[in-house]
Amino acid sequence: RWLACRSLPPGALESIADALADRLRVPWFAGAVRVNVSLAPPLLLLPLLLHLASLHFLLGLLVLTSLPVVVLWYYYLTHRRKERTLFFLSLGLFSLGYMYYVFLQEVVPRGHVRHSQVVALTCGLILMLAALSRAKRDPGYLPIPAGSEKPSHQGLPSKGVRGSAASGVASSRAVNGEAKGYSRMAADEPEGVKKDWCAKCQLVRPARAGHCRLCGRCVRRLDHHCVWINSCVGEQNHQAFILALSFFMLTSVYGITLTLHTICRGRTPFVALFYCPGVYSDYSSALSFTCVWYCAIVTAGMGYILLIQLLNISYNVTEREARLALRDNTGRRLLGGLVIDTGQYNRGFLCNWGHFLSLGSSPPQRSAEDIV
């Protein structure tokens, strides 16, 4: 087509990319295993870009400025297409491994880091990975009713009409070949506890549950879909998610401090981060300093996420509820807009945290209607 100066038919490039992705497989004992294409860019580009940034201050400034822009661009691209990707999980895990490798190879041999500090950093990394592994498990998916087919991603968005105690039995009617859901409520539902009907999953959702467009499932107390763990954050894994973020912040700040104390001796970590003369005269120091700045950028982003999460927990509001409150103009902006207080579940700071710490402690109760 290029030689003949004719344009490709619509969808040709997408078909070629899908075919190449399907053919990319690794031989294995039980058969060839398909390799996700999104895993490759972080493994190949991150070491190359960091080593390139270590050659000169201006190159470092260019690379470390462009990396967040590229990551944000790819996030908005996949978010708009409603696609799941392993790119962010691969980038996060490989960044942790590569930073730890650089620390052991370039910083520890200088002799200014004690073995106890290396052990403390390693323990923090292991605890963070353990919490991350727990956060990757079931976030609290609602069971799909027996006999129903796999939820379709092509249907119309569910308009969850809030039911009342007088609502009738749930039904799902086909209109022009598309499912349209109608809310249903049990007759003995207590006043103030609302449930609604999900037309895509064909089930009744309890209060605060929501449907994830990327996972195609309903999740109890859905907070948000986190691209960094490639999973939803819900009732069953929210505590592990907060724990993983906290361990990451502590470990990252500790590693940055140890590295700056080694390559910029005699200066406080904050001053050394912005002023470390002679660091680019030695390639080993330049690489360590570049990795410190990369860690600082990632830590700042994760710190903002952790701050928002802690504020939401303090007001007992989820990211999904805050987003819906902003859309419907039913919430109050507090602390400069960092948190949206819906007022629906807020019972005070201590009660809110007590409710969060008790999430997932008891199995969810099933109504007689669900059992039948």
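Every residue, even glycine, has its Cβ placed from backbone N, Cα and C.
Here is what TrEMBL says about this protein:
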- 48-74: transmembrane segment (TRANSMEM)
- 86-103: transmembrane segment (TRANSMEM)
- 115-132: transmembrane segment (TRANSMEM)
- 143-169: region 'Disordered' (REGION)
- 160-169: compositional bias 'Low complexity' (COMPBIAS)
- 194-322: domain 'Palmitoyltransferase DHHC' (DOMAIN)
- 240-263: transmembrane segment (TRANSMEM)
- 283-307: transmembrane segment (TRANSMEM)
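Non-local neighbours of the transmembrane segment (240-263) in the same chain are 99, 103, 107, 110, 112-113, 117, 120-121, 124-125, 127-128, 131-132, 134-135, 137, 226, 229, 233, 269, 272-273, 276, 279, 285, 288-289, 291-292, 295-296, 298-299, 302-303, 305-306, 309-310, 313; each lies 6+ residues outside the stretch with a CB under 8 Å from one of its CB atoms.
By number of Cβ pairs under 8 Å, the transmembrane segment (86-103) is matched best by 283-307 from the list 48-74, 115-132, 283-307. Helix, strand and coil counts under DSSP for the domain 'Palmitoyltransferase DHHC' (194-322) come to 71 helix, 18 strand, 40 coil. Only residues 6 or more beyond the boundaries of the transmembrane segment (115-132), in the same chain, are considered here, and those with a CB under 8 A from a CB of the stretch are 96, 100, 103-104, 108, 229, 240-241, 243-244, 247-248, 250-251, 254-255, 258.
Sequence-distant contacts of the transmembrane segment (283-307), counting only residues of its own chain at least 6 positions beyond either end whose CB sits under 8 Å from a CB of the stretch, comprise 50-51, 53-55, 60, 64, 67-68, 95, 98-99, 102-103, 106-107, 242, 245-246, 248-249, 252-253, 255-256, 259-260, 262-264, 273, 276, 338. For the domain 'Palmitoyltransferase DHHC' (194-322), the mean pLDDT of the prediction comes to 92.
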